[in-house]
């Protein structure tokens, strides 16, 4: 009995190819077909036929690819690859509403082990285990009967390819205009079609990475200090805090009814309520905000081998330090002193390879005390990073309850999810306030200033979308509108004639973006170069005396 159960089932090659093609193209593309139904109403027989033709085309394409690969005995490994990739893509698309594109592949490559662990849920393991791993094992377990005639096998496979090609041509002849209109008006649809979405996105990522090995492009080689800032005995110290996954609409400084920024509300900061990010993922936004390229003309491949604003500031003679608690600076700090404080794994501050952002202050007091000359310190926070929001803040910051204390955020109620996310912002408020107080403690030695700017926002289940990383053109504002604030010591305002009342009024009426960071940092630190654009410097119009 057991022997009979364990006996390998057998199929002829053609049947195996058809079965594998059906599973990959139909069963692993449920997410794609669901999205098609949202864009294509089945309100007429014609639209019904257009929709029904799509599985036919998907099946035919995969059938052709697998059949061609069988001539090289690659049909099993290729089918297994398609199954594993398709199962993973479908899970993340259906669970989090993501899009598989180059940015998402970059996110996957940049994901730390701790972040990967945080994404692992029982649902994920079961889904990928059954639809991916088990299906791939079954594809390998099924025995393919040897062909009785090699010529007959070749002819059958050739006929199989021909029929698939004819089906594709028939659909094209009948519905080409419908397909062209549907995919032209819904360009992101194709990014849900597996396994082509993962293959195209991976190739695009590889092409961009290959260009990153080009020689370094130097910019701002004319950089020098403004004499007004260089000739004073009192030195200048600026802290830039790069936020992670903080969305503007949940900042109480932005008008959010909940008090998520109780400390910053008392710090006399200038908050900029209309600030847009450069991208919807860290891998895009961080290198973009430190580059001299505006979002509309931003080129990822160039940013990977071109200097940024920190290089220019350092070249002008300012000490630069980057403290990282978010898995790396994505190239923005490659040529300045930097350290991964997460790796310190400090007790009471770190959990499963991730740390609370307070770890960023470890050794910072000593660094400032020993600092000779002007300085810029960048603190790269983990902020509200997905999806284990409840691990981003210590227990004492659990202000809003009940919370979503799981990485299966889609299983939590809206109230639980928002409560947990808002608690991360209460902790962000604490971190930024702590940095301001640190600067205040050193005002006897330095003229101080601080900038906080988040890399991108976050979706919390609105319209079935979670996390971030959607293509910019279709991403909701919750992923693109980010908090930005500026704190200037009274000494800075007096010494460099900056009118804070002017800044407050300007902040409420003007629209800003991460494009402003490059020239604002140069102006804030008094670095002059031809790359500086006064129109992008937030402080420029509120300086009483021209520098």
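Placement of Cβ uses the backbone N, Cα and C atoms for every residue, glycine included.
According to Swiss-Prot, the feature transmembrane segment maps to 13-33 (among others).
Here the transmembrane segment (48-68) has Cβ contacts under 8 Å with residues 17-18, 20-22, 24-26, 29, 32-33, 36-37, 40, 42, 75, 78-79, 82, 157, 160-161, 164-165, 167-168, 171, 174-175, 178-179, 182, 193 of the same chain, all six or more residues outside its ends. According to Swiss-Prot, the transmembrane segment annotation covers 48-68 (among others), on the basis of sequence analysis.
What Swiss-Prot lists as transmembrane segment is 80-100 (among others).
If you look at the transmembrane segment (124-144), the same-chain residues 6 or more away from its ends with a CB under 8 A from one of its CBs are 8-13, 16, 20, 23, 27-28, 76, 79-80, 83-84, 86-88, 90-91, 95. Sequence annotations record features per position, and here Swiss-Prot assigns transmembrane segment to 124-144 (among others).
Packing against the transmembrane segment (155-175) from elsewhere in the chain are residues 13-14, 17-18, 49-50, 53, 56-57, 59-61, 63-64, 67-68, 70-71: each is 6 or more residues past its ends and has a CB under 8 Å from a CB in it. Feature annotation from Swiss-Prot assigns transmembrane segment to 155-175 (among others).
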